[in-house]
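Contents: one structure, followed by commentary.
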Amino acid sequence: MDKLVIEGGYPLSGEVVVSGAKNAALPILCASLLSAEPVHLENVPDLQDVRTMLKLLGQMGVQIESGDGRVSLNASKVDNLVAPYEMVKTMRASILVLGPLVARFGHARVSLPGGCAIGARPVDQHIKGLQAMGAEITIEHGFIEARAKRLKGARIVTDMITVTGTENLLMAAVLAEGETVIENAAREPEVGDLAHLLVAMGAKIEGIGTDRLVIQGVDKLHGAKHTVIPDRIEAGTFLCAVAAAGGDVTLRKVRPLILEAVTEKLREAGVTVEEGDDWMRVRMDKRPSAVTFRTSEYPAFPTDMQAQFMALNTIATGTSQVVETIFENRFMHVQELNRLGANITIDGNTALVTGVEQLSGAKVMATDLRASASLVIAALRADGETLIDRIYHLDRGYDRMETKLTALGAKVRRVSGSQA
């Protein structure tokens with residue numbers, strides 16, 4: 001099992017190109033199931049989760065060609081409507097095949113999902129919405145089985161804002177008979193990116209980017225070409241890395257407008273951030289100021305940046321509160337940050353972070369995707385060497401992170417378990 005070894009204390013400088021968004025690429029790959037014609041994608045990140053999704057789609061009969069950030073998918077010969085436990089357990093986003101399969105083929109059998117162990121994240125909103133559209137759904141032996149001759153348009157009000165739920169129901173609705181209205185829809189840019197691809201495939205969707213999506217169902221979708229949006233969480237992670245380690249870095253292929261909640265807090269911490277249409281420059285030459293924040297749905301501060309910003313707060317002047325409102329059990333990185341010398345206490349869904357002048361390198365363990373990123377950020381600032389175990393979590397969501405950091409001047413190397 002690979003590990004990362006990071007020697008702290010080196011400021012970052014140079015340029016980094018932000019990869020395509022994982023959380024946009026995964027539903028967009030699933031959307032290829034909605035058409036018998038080819039879908040051509042660009043700016044697809046090379047991540048473990050993407051490879052897992054492509055493997056799942058391939059097992060279903062989708063013909064796939066991929067390389068150099070491009071993926072072409074042809075779902076004209078799909079012959080397997082099952083997403084097995086072996087695939088789904090490693091990646092929760094596998095649930096996103098449910099809506100497209102039921103909408104186009106009238107049947108799907110999908111194992112209950114896994115992924116990061118950060119809370120229950122139930123799929124009941126997906127099921128409730130599909131049932132409102134006329135699907136018959138049973139759950140037994142660990143599988144969700146859904147059947148429908150043709151889905152019918154419906155008004156769906158989700159009990160909570162759910163990103164994957166919105167995406168699944170949106171993909172189901174585009175081939176349903178009549179009008180579907182999704183109220184309380186997630187407004188995340190990745191949902192909007194999926195919607196733009198669906199429109200390019202012939203779907204009729206109004207309200208993209210709002211919490212009310214109105215879909216007029218069509219009989220079939222055609223092929224399309226689409227470029228995946230930049231990954232705002234990868235961009236935010238690099239911004240926090242520079243803020244912690246110090247330095248002067250320019251990010252390319254980024255959308256500053258979808259990062260405003262993060263950049264606002266970085267400026268509050270004393271970081272200098274400049275931005276253009278598709279670039280950002282971040283500079284830091286001092287110890288950051290502690291920043292209190294709470295996570296919430298887009299456009300508020302993203303839960304996927306909570307751990308990285310907490311790592312920044314560990315070496316800040318002052319004390320900060322971090323309130324996590326989206327997921328329970330998303331403070332698993334706290335124990336590992338404290339091993340590096342951080343001073344963090346937890347009370348329910350709130351973490352109290354008292355900044356320290358210096359962290360010290362130690363052996364730590366990644367517990368989930370964003371937690372692993374927080375440990376990398378802390379290690380860049382720590383005195384001495386930090387060894388991060390279980391970095392397969394990092395590989396699920398970051399495209400060549402150690403390569404990009406090394407190019408910026410960080411001392412990072414990947415070692416196999418036998419070398420560590």
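Any Cβ shown, glycine's included, is placed from N, Cα and C.
Noted in Swiss-Prot for the protein shown:
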type	residues	note
ACT_SITE	CYS116	active site, proton donor
BINDING	LYS22, ASN23	phosphoenolpyruvate binding site
BINDING	ARG92, ARG121, PRO122, VAL123, ASP124, GLN125, ASP304, ILE326	UDP-N-acetyl-alpha-D-glucosamine binding site
MOD_RES	CYS116	2-(S-cysteinyl)pyruvic acid O-phosphothioketal
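Taking the features listed in Swiss-Prot, we show where each one sits on the structure.
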residue : record                                        : DSSP (3 states)
LYS22   : phosphoenolpyruvate binding site              : helix
ARG92   : UDP-N-acetyl-alpha-D-glucosamine binding site : helix
PRO122  : UDP-N-acetyl-alpha-D-glucosamine binding site : coil
ASP304  : UDP-N-acetyl-alpha-D-glucosamine binding site : helix
ILE326  : UDP-N-acetyl-alpha-D-glucosamine binding site : coil
ASN23 (phosphoenolpyruvate binding site) versus ARG92 (UDP-N-acetyl-alpha-D-glucosamine binding site) - Cα distance in angstrom: 11
Tertiary neighbours of ASN23 (phosphoenolpyruvate binding site) (same chain, Cβ under 8 Å, six or more apart): VAL163, GLU188, GLU190, ASP231, ILE233, ASP304
